[in-house]
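Working notes, beginning with the structure itself.
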Amino acid sequence: LAIPLFIFAGDLLLHGGAAQRLIDVMDAFFCHLPGGMGIATILACAFFAALSGSAGATVSAIGTIMIPAMIASGYRRGTAAGLVGSVGSIGNLIPPSIFFILYGTLVEVSISELFAAGILPGVILSAMLCATMVIAARREHYKLKIAATWQVRKDALIKSIPALVMPIIVLGGIYGGVFTPTEAAAVACVYGLVIGAFVYRKLNFKVLWSTTTHAARTTALIMLLVSMAVVLGKMFSFAGFPQAFAALVMEAKIGPQSFMMLATLVIIALGTILEALPLMYVTVPILLPA
């Protein structure tokens, strides 16, 4: 139940104006720096991922606004699209991640602990992408924007506060034991509906209907992928693939580091033909016993 709720919350934030406010505040503070448009895009994606929990929603929300803006600022189309596509992966790391919810359900581990484990890698990945963007901007000589005044920054920050507060409420409630991840998703939906309708005033009945139907279609697509992947994973299990792979690893006497490298190579190879969710449901039952 948490998955459709987080998807719906992400769509509410996208169409309710929260995504635009995040972009505005990042643009005001960072766009005068070398690679500033790219940095603003990365940070906006990171914050929106913490709001929606979905990599797809993050790419859709930030990419539709920032890709044209980066191209207009002199960025190559490939650079702009590649940056947004790569930054979208942060949505799978930064909680509340839908990917972590599915993984936790699959391997029966605490989703709250997975959320906590994803924070630091998400922050490190965001910082590394920002550093890469600065280096690329200096090499490509992208033109710089004029620095925003402190009044503009203050106004952008004030307008973005309702959106910036949401991760604190959702994640703070989960880690504080106030509510479960599923209840947190419901809180996120209510909060997104309130700020979209009454604070930013972007949501009306027409927009709400289109948002609801889009969230339903997205949920159906994800569940279809998951269900087919589960069937394939069960077929592998009945065929004895996990046990055979574990026996192969034991006989080869592969150490932990070598096994991790091997598993990484296998996942990279399969990732060229499978989406992330089916890939997880196929590989985890095989690799986990080993």
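For all residues, glycine too, the Cβ spot is worked out from N, Cα and C.
Keep in mind that TrEMBL annotations are predicted by a computer and have not been checked by a curator.
If you look up TrEMBL, you'll see 1-290 marked as domain 'TRAP C4-dicarboxylate transport system permease DctM subunit'. Positions annotated as transmembrane segment by TrEMBL: 35-68, 80-102, 114-136, 157-178, 184-200, 221-241, 261-288.
Highest Cβ pair count under 8 Å relative to the transmembrane segment (157-178), across stretches 114-136, 184-200, 261-288: 184-200.
Along the domain 'TRAP C4-dicarboxylate transport system permease DctM subunit' (1-290), the predicted structure has mean pLDDT 81.
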